[in-house]
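One structure below.
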Amino acid sequence: MATFFEGESHTFSEYLLVPGYTSSQNIPANVSLDTPLVKYRKGEEPSIKLHIPMVSAIMQAVSGPRLAIALAQEGGISFIYGSQTPDDEAAMVREVKSYKAGFVVSDSTLTPEMTLADVLEIRDRTGHTTMPVTEDGTPTGKFCGIVTSRDYRVSRDDRGKKVKEFMTPASECVTTGTDTSLKVCNDIIWDNKINTLPVVDKDGNLSSLVFRKDYDSHKSRPDELLDEHKRYLVGAGINTRDYAERVPKLVDAGADVLCIDSSEGYSEWQKLTLEWIRENYGDSVKVGAGNVVDAEGFRFLADCGADFVKVGIGGGSICITREQKGIGRGQASALIDVCRARDEYFEETGVYVPVCSDGGIVYDYHMTLALAMGADFLMLGRYFARFDESPTRRLNVNGSYVKEYWGEGSARARNWARYDLGGSKKLSFVEGVDSYVPYAGPLKDNVDTSLTKVRSTMCNCGALNLAELRQKAKLTLVSSTSLVEGGAHDVILKDSNSDVNFRS
Ligand code: RVP
């Protein structure tokens, strides 16, 4: 006889938090969102901790190097997508690891022969007003000079005028060498009253630019996630087929943590992948596994040695697995079940295996609910796809800005690896869609707003950290009629675009 799970399969929107006692200490500024990323033994500290409980999804439309840097700056981590060749993925990991905070490699580099029209086109497309000039137009070519908005007047200058005619030439620029620290660069910027300092190597090649404003913002990032060499932390997705080739390349590139990316993780393929990693690297390579939706799946992966376990099948915004295959489980029910199993496993073995809730976060309050239900951290796709830093194009569709967002199981992602059964067989049907999401601006502003709400709700629950939230949270199921009561109702809204729609 088949197993029947008791109760229904619930989603986040069917729950609310009932406030607990709020003391005068419960203010957002006192709340810590630190959380373990990888497993640890009782009484010990995890080797990697996040400062915010957010990771970005292992997806082509989400986790490229730019988003990875922006998220690490806020205290979370990205998993670079694995649906590309091992070499390309390793190059992206390398790009994040070689990024020196405050030292910008400009993607708006000019050649001396380009024209004012080119400068204006780049300015309009990227928003950059300062552009370095190199002999061959590459960001690390022979440094020739710099163009800022002070160097030309659009109204007076001829658009055909060559860059070399109006740039500030290298001989007149204040520059510094590649061994200069960010602090010293900043002193040079202040002493010389300049806004941009080109960093040039001993052969005269441009290395990077330091901007006055970046130094200030770097100083105001208390949560940034750095390794012992002050490089940003970054994760990378792997699959259960080419790990023997991919993992060494990612480890070599400096990936801090890996994650087996699969829509269905309770499988021998995952066991074999984890075993191979342990045989070859012991515990030095951290690797998460998943996805599962019940206690049995969790225990299997924990026993196989996963460093964290990811929960969620079919709840992703672009995911149609449940429709296509009839497998999955409401994300809230799955998460509650798995988190209970994690706590039992900890009691029994003394090993705490963090749980990641993957997919299905629509509103900011869903984040707080998932954390209250027991998630140690959250994986988000749609949420991050909307930001400037995601790798996709921003388009204007019917007067509104949107960004593209497609599933890893969509035809567009070419069923690269996630939606197969391991081995070499690929599936012939899609499990994801190609879509647009509303453009939402810079990652930092959005993450700040979302987490301010999370912190504030935690205060309402009397919790100053995530462990306390899990312990003190009181959750209630809501009926469909009380869902209506929860939004603006029985009033005529003055502005249908107003901020009553808190979907993030
Ligand atoms: P969401 O944040 O709701 O957009 O969900 C993102 C998650 O959806 C991913 O982390 C992944 O688990 C899942 N996903 C990715 N591609 C697909 C698909 O094509 N079905 N699903």
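Note: Cβ is positioned from N, Cα and C throughout, glycine not excepted.
TrEMBL labels come from automatic prediction, so no person has curated them.
Database features, via TrEMBL:
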DOMAIN    103-163  domain 'CBS'
DOMAIN    167-225  domain 'CBS'
BINDING   Asp261, Ser262, Ser263, Gly312, Ile313, Gly314  NAD(+) binding site
BINDING   Gly314, Gly316, Cys319  K(+) binding site
Relative to ligand 1, which of the binding-site residues Asp261, Ser262, Ile313, Gly314 have a Cβ found under 6 Å from one of its atoms?
none
Tell me the coarse DSSP state (helix, strand, coil) of Ile313 (NAD(+) binding site).
coil
Quick check: of the binding-site residues listed here (Asp261, Ser262, Ser263), which one has the Cα closest to that of Gly316 (K(+) binding site)?
Ser263
From the centroid of the CB atoms of Gly314, Gly316, Cys319, the recorded K(+) site, which same-chain residues not already listed sit within 8 A by their CB, in sequence order?
Ser263, Gly312, Ile313, Gly315, Ser317, Ile318, Ile320, Thr321, Arg322, Gly328, Gly359, Gly360, Gly407, Glu431, Gly432
Could you check which of these binding-site residues, Asp261, Ser262, Gly312, Ile313, sit within 10 Å of Cys319 (K(+) binding site), going Cα to Cα?
Ile313
Within the domain 'CBS' (103-163), count helix residues (DSSP H, G, I), strand residues (E, B) and coil residues, in that order.
15 helix, 15 strand, 31 coil
Rounded to a whole number, what is the top Cα to Cα distance in Å among the residues the record ties to NAD(+), namely Asp261, Ser262, Ser263, Gly312, Ile313, Gly314?
14
Helix, strand and coil residues within the domain 'CBS' (167-225) as assigned by DSSP:
21 helix, 15 strand, 23 coil
Please compare the binding-site residues Gly314, Gly316 by how many other CB atoms fall within 10 Å of each one's CB, and tell me which has the fewest.
Gly314
Counting across all protein chains shown, how many other Cβ atoms sit within 10 Å of the Cβ of Ser263 (NAD(+) binding site)?
25
Once the chains shown are all counted, how many other Cβ atoms turn up within 10 Å of the Cβ of Cys319 (K(+) binding site)?
25
